[in-house]
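Visitor: Pasting the relevant annotations from TrEMBL:
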| type | residues | note |
| --- | --- | --- |
| COMPBIAS | 589-599 | compositional bias 'Polar residues' |
| DOMAIN | 383-557 | domain 'Ion transport' |
| REGION | 589-617 | region 'Disordered' |
| REPEAT | 212-244 | repeat 'ANK' |
| REPEAT | 245-277 | repeat 'ANK' |
| TRANSMEM | 391-412 | transmembrane segment |
| TRANSMEM | 424-447 | transmembrane segment |
| TRANSMEM | 459-479 | transmembrane segment |
| TRANSMEM | 500-522 | transmembrane segment |
Amino acid sequence: MGNSSSTVTAGIKNQADGRSNVIYQLADVTGNGELAELAKMALKTGNFIQLDLKIMEKIRPLLYNDGEGAMIPMAEVIAMRHKERTGNEYECSGKKSAQKYICWRLDCRGAVGETLLHVCFLSGLPEHMKLLAQRLIVTFPAIINDFYLCDEYYENAEMVRFLLKKGASVSQRCCGNFFTCDDQKAMRTDSVDCEEHVVLPAKTDYSGHLYWGEYPLSFAACLSQADCFRMLVAYGANPNNQDTNGNSVLHICTIRENWDMFSMALEAGADLHIQNRMGLTPLTLAAFLAKSAMFEKIMKKERKILWTYGRVLMAAFPLAFIDSIDPATGELNRLSALALAVYGKQDNHLALLPNTLEHIVMRKWTVFGKKIHLVCVFSSSELKMSTKTKVYTALSMLAVIGACSYLIQMFLHIHNVGRKMYLLSLSGFPGKAIFLVSCALVLLAFLLRLSCLDEPEDIVWMVVVLLTAAKCLFFCRAFSNVGPSVLMVYKIIVRDLLRFFVIYCIIVVGFSQSFYIIFLGYRRGDETFDIEKEGTIMSNFAESFVRMFMMSLTEFGVFYEQLEQCELATIGKSRNAITVSEDVLNPFGGQNSQGLSHSAKNKNTGKRLQRDERAHTPRTMFVQGKTAIFLIAPCNAFKKRIMNRWFGMN
């Protein structure tokens, strides 16, 4: 496997001899040639026109399709390599081979199958050759993907063997910036105290196509050069040597997901538990990078098979570096495979959980996790309630229990008397109906609390408080001091307040819409004012209704400030005067109409009382306004008549 020494030497000699190939006449590895000289002149003058023209003239004939490239059968490439290595023609099997995109013609390559762009890099890239490489890529971008044809710059086991025989060190490190992780290249620092004269940050994601581990053995593993790997091991290469990042061959194979070379390194004596600078073993490194295939295979390598029976086997996995709890110290291991899989930032980390890790988690939860969780939850200081919270909770429970018992009693009553009779009884007793609604709302608030819906619960409780207040007035009727007042309040709410509210709503609804239309002309002549963005105090129908209610409470400051800047300000002021007058007169009108109604009733009632008094001669009768109190009456019939006429009671 590999090339003969004579072939390698001939290729290198032909590269150095600029007369042997057409591309070496343009530029060679020593930095000379026609295009190289033009590049030197371009650097001095800063004019690239002549160089670009010469590139177009000399390079275009050397490319397929004038630089566009072509799909070339791989059989032609293999035939040229075979002839270069053995000197014999390659016999094709007759099968149709795959094709590869190539830009530089195969018959116009250098001594080792390189293009002119490769020659620029092989020269060490002095300034003029660097410029030539840049102009080549700009002029013919497709050549950037062309590759070497011959084997001198690929796997060359013969050359490796030759160097090893001549005493080449198998521990020599390649730690330049070119072979460093991409996220570490900008943070490299030099230090004379460091053996390799470079200091790298420990934290990295190991990105970069050319991070191969610095050692020749790691390079061979990354490139899958099995023969070179065996030769290096035979000459004393240590597979446990660690690079600047602390990675051994096994770490590098894990990063590159090369299982074949990983297995070969294990056979060569590589240690599976070496930790790098980030504290990761090859197993935890696979978990850190979310490489599920490598993770499963390394897990199988770490297991200890206890017994097998056909296809069935029983194996034990060491918990070190797998479980989140370190079995040696009992402390939490943040760099364990389980912790990295659970707290990983990539979606691919979830693919690590099934099978072994999932079984570990479920087993830990079943054995002791759920018990500890239960104890921690109910012994948490956050759950300890203060005295105020305890009292509040107890009263809330009593309120819910009371509401439930009252509703159960209601359903039992409905079952006994029937739904129609029960609803008929509620029609004459609105206070009870309101209280039943409040009990239902208490249960609704309880359900909202269980659902953690705080805002809807607060709204329901506000409604409950308003409704239960009406029920509290009912119990006050039994007291002689406040009973008549409660009855009077009920009658005022039903008669006077309802009448006033209807009239007030009619006035507010009508005038609010008129003011809304008036305020549409607010600052209409001001071009800098946008009414749709900045708005007014009556920017919509609902806002105008609320503003009219505030005006009835003598809040006119902001209203008049904006009304002055409306086009119809005079009409608005007139309407406001009318509105205020009606708001003032409305209560008096309601009271006068109510007074006239009650005067007529009292007059008729007085006549009836006089007749009853003459007939039954009561000892004491006192009539004043809306309240009649009698202390002694000669007969029950008279009492019932008075109660019926004055209070609507039988």
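Yeah, the Cβs are placed from backbone N, Cα and C, and that goes for glycine too.
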Visitor: Which sequence positions outside the transmembrane segment (459-479), separated from its termini by at least 6 residues, show Cβ-Cβ distances below 8 Å to it?
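Guide: 431-432, 434-435, 437-438, 441-442, 444-445, 448, 486-487, 489-490.
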Visitor: How does the model score the domain 'Ion transport' (383-557) in terms of mean pLDDT?
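Guide: Mean pLDDT across the domain 'Ion transport' (383-557) comes out at 81.
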Visitor: Quick check on the repeat 'ANK' (245-277): DSSP residue counts for helix, strand, coil, in that order please.
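Guide: Result for the repeat 'ANK' (245-277), in helix, strand, coil order: 17 helix, 0 strand, 16 coil.
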Visitor: Could you put numbers on the helix, strand and coil content of the repeat 'ANK' (212-244), residue by residue per DSSP?
Guide: 16 helix, 0 strand, 17 coil
